[in-house]
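Swiss-Prot annotations:
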BINDING   R20, H141, T369  substrate binding site
BINDING   G116, Y117, S187, H215, T243  pyridoxal 5'-phosphate binding site
MOD_RES   K246  N6-(pyridoxal phosphate)lysine
Amino acid sequence: MLIDYLNHQLREREAQGLTRQRRIAESPCAPRQRVSQRGQPARDLLAFCSNDYLGLANHPALVRALAEGAQLYGAGSGASHLISGHSEAHAALEADLAAWLAPCIPNAQALYFCTGYMANLALLTALGGANATIFADKLNHASLVDGALLAKATLQRYAHKSLAVLARQLAACDTPIKLIVTDAVFSMDGDVADLPELLALAERFDAWLVVDDAHGFGVLGEEGRGSLSHFGLCSERLICMGTLGKAAGVGGAFVAAHPSIIDWLVQTARPYIYTTAAPPAVAHALRESLRLIGGTEGDQRRKQLQQLISQLRSQLAELIAAQPALGWHLADSSTAIQPLIVGSNEAALALAAALDAQGLWVPAIRPPTVPAGTARLRITLSASHSADDVRQLVDALAQAGKDLAGAQP
């Protein structure tokens, strides 16, 4: 019965153009990767799909640091953090992260997690008890959505970036604990939350602002300190989750917050307590990553990334203006996430396939990840891309647009 049901559902997904496929990368994360899929021969593709925003995932210094960490601490941690798996590498990384966020969160402490998904589940389920209300942007990342649903708190969602709706919800709320929860940079649209106004609402209504800075950490703000720094925010009411497998180039995540919040997570957050700690070697490598992000090389990489973003937006705007019949729309984003919205699932899949045929890897994103009718190519840029890479992408999109238009009846 189960297998019959699942096979029926899988066929339904395939008919709707919603089937997901995994590809196998046979080389390190980089703009050019060797990739295979479903037994097909491997090919070299120009990729615009990773979250390696600063191009650090294969940086020689991080590769060396990871190997050094393995020599120092072995391959694995062997236990959860609260048994025997919490190493000096984890503790040192948490101290570094706390210092990193201290200009924005006074007296901050930090807690390291294996993944961003686990960090968000831990944070919202631990703080979102029956005496709390969670106010969540409707376009928040799936991990924030799931964390809010699993929490015992009352959940209220507000239309994307609608501060007026949020203010009314807060004004009507009488629970003692109020958590405003938002992405800083929204993962599928690339736009940035109005964090200063959200913090003002938190202060006005005695709430706390939980910020998922997965796509801002390392890229935005002074020395890449993230979205809180980008806006010049400083408040004990801020709780920041950041991921360390995107701009930081390695893996894991952290929560930085008031010391009492961090202690509460250690005591009660089930996704932290009941899982084996990440390998200490990863934490060791991440300390080197922070040094790179906050140094001169980090500044240079952020400058390169911003130049590529400006180039791509300018050249895509020209392309869209020249071929209006395609119905493409470039989302309003100033970040490394540049969504090209094409509409239907079929159109997005066809465009991704046309680019693949030209040797470019740009994934089609479809519902339920994005709202129905807004299927898109999620173009992501890295500081490791070149201006020629961006030009090649735009030229390939122009050719694909012509080919697809000519193929229509």
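Heads up, the Cβ atoms here are built off N, Cα and C, so glycines get one too.
Features recorded in Swiss-Prot, as mapped to the structure shown.
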{"residue": "R20", "record": "substrate binding site", "CB count, 10 Å": "8"}
{"residue": "G116", "record": "pyridoxal 5'-phosphate binding site", "CB count, 10 Å": "25"}
{"residue": "Y117", "record": "pyridoxal 5'-phosphate binding site", "CB count, 10 Å": "19"}
{"residue": "H141", "record": "substrate binding site", "CB count, 10 Å": "21"}
{"residue": "S187", "record": "pyridoxal 5'-phosphate binding site", "CB count, 10 Å": "23"}
{"residue": "H215", "record": "pyridoxal 5'-phosphate binding site", "CB count, 10 Å": "28"}
{"residue": "T243", "record": "pyridoxal 5'-phosphate binding site", "CB count, 10 Å": "26"}
{"residue": "K246", "record": "N6-(pyridoxal phosphate)lysine", "CB count, 10 Å": "27"}
{"residue": "T369", "record": "substrate binding site", "CB count, 10 Å": "15"}
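Annotation: no recorded positions among R20, K246, T369 have CA atoms within 10 angstroms of the CA of Y117 (pyridoxal 5'-phosphate binding site). S187 (pyridoxal 5'-phosphate binding site) sits 10 Å from T369 (substrate binding site), taking the Cα positions as reference. Maximum C-alpha to C-alpha distance over the listed pyridoxal 5'-phosphate-binding residues G116, Y117, S187, H215, T243 is 13 Å. Residues listed for substrate, R20, H141, T369, cover a largest CA to CA span of 18 Å. For the recorded site, K246 (N6-(pyridoxal phosphate)lysine), the DSSP three-state label reads coil. Reduced to three states, the DSSP call for T369 (substrate binding site) is coil.
Secondary structure at G116 (pyridoxal 5'-phosphate binding site), as computed by DSSP, is helix. Taking CA atoms as the reference points, R20 (substrate binding site) and G116 (pyridoxal 5'-phosphate binding site) are 22 Å apart.
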